[in-house]
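**Student:** What follows is a single structure, and I will ask about it in a moment.
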Amino acid sequence: MKKFKSGFITIIGRPNVGKSTLLNHIIGEKISIISDKPQTTRNKIQTIHTTDNSQMIFVDTPGIHKPKNKLDEFMSKEISLALQDMDVLIWVVDESLEMGPGDSRILESLNNIKIPKILVINKMDKLSKDEVNKIIEKYKKRHDFADIVPISAINGKNIDKLMKKIESLLPEGPKYFPEDMITDQPERIIVAEIVREKTLRYLEQEVPHGIAVDTTMMKERPDKDLIDLHATIYCEKDSHKGIIIGKGGRKLKGIGKSAREDIERFLGVKVNLQLWVKVNKNWREKENLVKRMGYKQ
């Protein structure tokens, strides 16, 4: 009889190389925030993928960067924590981006990490077969990876191959979580992440990246199958508040409608979502607020 395997897999990489897209594709639910803007993953989110033969617990880390403020310090600490006691490390790269300081720092640190490492080359659908082979050879010379797997996270190409390789590297172990559980994050944190993603998508380049979302109320109604949700979108400037709300409140209504649809899919129940926008200058430096929104030390 085939023995059950289980383990913890950490995902690292520069901002916006496709880590969250890959993770969401594997799990089949929107757990990690996806946006065109960098630094969209802030929490060390654990998501769980269970099959008859194995259980994989994925840790999605923020993009590698040097800390600039209190929030960045938390994010860097989360990366360090994510690398402790892992069974497999996945490094996601996007060859459409030139190799930068973040990639160099990762390469330097790989030799000190004594666990199997898989290099995942994302966006292979944009490359020819010869280009993919050249990239693989380039990285083989830089480090002794357990495997190098080219994928397309957006359309799922080669992800089955990646999953089989991960499973082969896992040790025999127990089922840590119930098989129907897909994340260990509190629901209010996932709700806030969904609202934040929709806000970033609607704003495009209008507001810098300094926004955060706090789920302030999440309450089931006793008389009907409905959850009342209140969430506050924080921004750093008065001018940004007006942009987020939009003329006649249209932009905020659009954010709310789009977020509500995803939240209802995630929770499996109808929700009444109410959004507020508040200015909190230098919120990233306010430790209590940063912690309350799920960015742990």
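Using the three backbone atoms N, Cα and C, a Cβ is placed for every residue, glycine included.
Values in this document were obtained by computation on a predicted structure and should not be read as measured data.
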**Student:** Tell me which range among 46-49, 122-125, 214-217 TrEMBL lists as region 'G4'.
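**Tutor:** Within the set 46-49, 122-125, 214-217, TrEMBL attaches region 'G4' to 122-125.
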**Student:** Select from 60-63, 128-131, 172-175 the stretch of residues annotated by TrEMBL as region 'G3'.
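**Tutor:** Going through 60-63, 128-131, 172-175 one by one, TrEMBL flags 60-63 as region 'G3'.
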